[in-house]
Amino acid sequence: MPSWQRTHTCGELRLDHEGEEATLNGWVNNWRDHGGLVFIDLRDRYGMTQVVFDPNTDEEMHKVARDLRSEYVISVVGKVAPRLEGKRNPKLDTGDIELKATKLELLNRSEVTPFEIGPEAEATSEEIRLRHRYLDLRRPRMQRILDLRHRVCKTTRDYLSERGFLEVETPMLGRSTPEGARDFLVPSRVNPGDFYALPQSPQLYKQILMVAGYDRYFQIARCFRDEDLRANRQPEFTQVDIEMSFIDMDDIIGLIEGLACEIMSGILGRTITPPFPRYTWDDLMRRYGVDRPDLRFGMEIVDITGLAHETDFKVFQQAPSVRGLNAKGAADRYSRKGLDELTAFAGEYGARGLAWLKVDANSFTSPIAKFFSEEQAGKLREAMGAEPGDLLLFVADRYDASHAPLAALRHRLGKELELYNPDDFHFSWCVDFPLLEHDADTGHWVARHHPFTMPLEEDWHLLETEPEKVRAKAYDLIVNGEEAAGGTIRLHKPDLQAKVFSLIGLDEEEAQKRFGFLLDALKYGAPPHGGIAMGLDRWVMLLAKLENIRDCIAFPKTQRATDLMTGAPSEVEPRHLRELGLK
RNA sequence: GGGGAUGUAGCUCAAUCGGUUAGAGCACUGGACUGUCGAUCCAGAGGUUGCGGGUUCGAGUCCCGUCAUCCUCGCCA
């Protein structure tokens, strides 16, 4: 063991260690040179400890200590001593003690860093943080987040392992399937002109594992989708992927509720109680305009179509659906200009306009107030639960076109008007999704989730007559307006599977070509099975209250899908391209 | 593919209506200081105002183009 190796971490020493000799390793967070005494705050992943260098202890050592600068890496041997009375630092966990140095070894110098590292450092632009990610990750904030991420993974692995789940790895180099998102492709050198695809998820493999008898599977799986990035979307991301056999929907839901409770209590020390409320997809869309509403606050959508048709307002008369929101007490919060801005905001989500009414004691302040008779105004107040001071907002359009702007408005108003406690967590399930949806471009039915989703038993008879009414055995876990997990019970019977394929216009030959290996597998005694996938990155975002997904990924990509540290993606040698048959 | 925001010292920002030598805090360098802890005090260095073009007597500021980062619509389980 080299003489410089540490006996303790920088977050460890306490008054109990008084008098002991300890060796610490770490980075110089800060230095205070008094000409005589030199103080160093030494930092590592575990914390910070003050080290004191006294010229009377060792003159040579003191000379070296005076030259220490930020981010130098050192090893210090010293005696743990209580701080002088009144000199304790309550900001540090180790603030009751300090290390009186007897030996100092400079392990490495550091150039002046492009930004400061320590806990007191001010925010730095993300571009510069990403370019020097090795320094950014050294910061306490990032170390806390990655530590939390690790604990979520560990809790998940332990929880599932204790319940008999096997972690099985599936290939990264797979077959491209035309469904869903755009694939990342990898050229095959051995088979010129052919490509592998990186997995969008291990979906097909995990179903095949069920056929193979691995009745409880999980994987913390990297997934790839070549689509545009967002604050909460990266081209590669991580899912906790789970699949089980001989189970139904309630088993998966119960399993995930248990895991969610364990994560919440183990990591945040907060108790949540299952079962989480379940809402049907129809219900959520009608009341909130989205299948993953933030349920920490109310402000439900109110349908006033009938009433609207009676008014003299043409836009209201002619719209197939008129629905609105009541922003309680918000009339004074939005000026004309503010309302114009809300209108423009709704427009970004497809609304062709936004009707607004400010509620007074006996009237409305609104450009459309004149279209309401006294009686209609009364009915409107009643329908909206309107009281003086409220702001009413309406979107008049097709029912399905009004979902997005209303949901976006509700989400924005909830935040802007502080209608909920941002520290709260609200868990719920969305169930009874439609199995199919109509593709406006092709006129075909397409699978809403994926084409292997089991329809609800009581809807099987509708498959041929009214496919739009068939509900799926699908379930999404919603947390604070985010989809935190989503899954389905799978089709394991060939005849039902064939029926669904024909509905979405997949003939047998085509289906065989695309998913033949799965269809073949299902012929050999496939057990009833189903599963779920949890977005790990989004869970960490929720738990750590992060604004963007990059902060919970060690080496993320920019919005242009580049890595500022390594420069990926990059050009490659022409020779390499020739080998791959690409040039 | 569309819309928007930002880009000034190593970092975070300022610079009035287009006007003199582009400033501040932190960091950095040198010096002083034996109980500091985001040390203090003194002195100093540091700029292709993202890049290219244009308008103007004069551009950090206005116009055009371009690049980068972020947000967002479309896209995406």
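The backbone N, Cα and C atoms fix where each Cβ goes, and this holds for glycine too.
Keep in mind it's a predicted model, so treat the numbers as computed, not measured.
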Which residue of A:Glu169, A:Glu179, A:Glu483, A:Glu579 does TrEMBL report at the same ATP site as A:Arg225, A:Asp226, A:Glu227, A:Gln234, A:Gly535, A:Leu536, A:Asp537, A:Arg538?
A:Glu483
May I ask you to indicate which of A:203-206, A:279-282, A:319-322, A:499-502 is given in TrEMBL as region 'Aspartate'?
A:203-206
Neighbour count (Cβ, 10 Å) for A:Leu536 (ATP binding site):
24
Can you give me the same-chain residues 6 or more apart in sequence from A:Arg490 (L-aspartate binding site) with a CB-CB distance under 8 Å?
A:Gln207, A:Met210, A:Phe452, A:Thr453, A:Met454, A:His529, A:Gly530, A:Gly531
Is A:Glu483 (ATP binding site) helix, strand or coil when read with DSSP?
strand
Number of Cβ atoms other than its own within 10 Å, given for A:Arg225 (L-aspartate binding site):
19
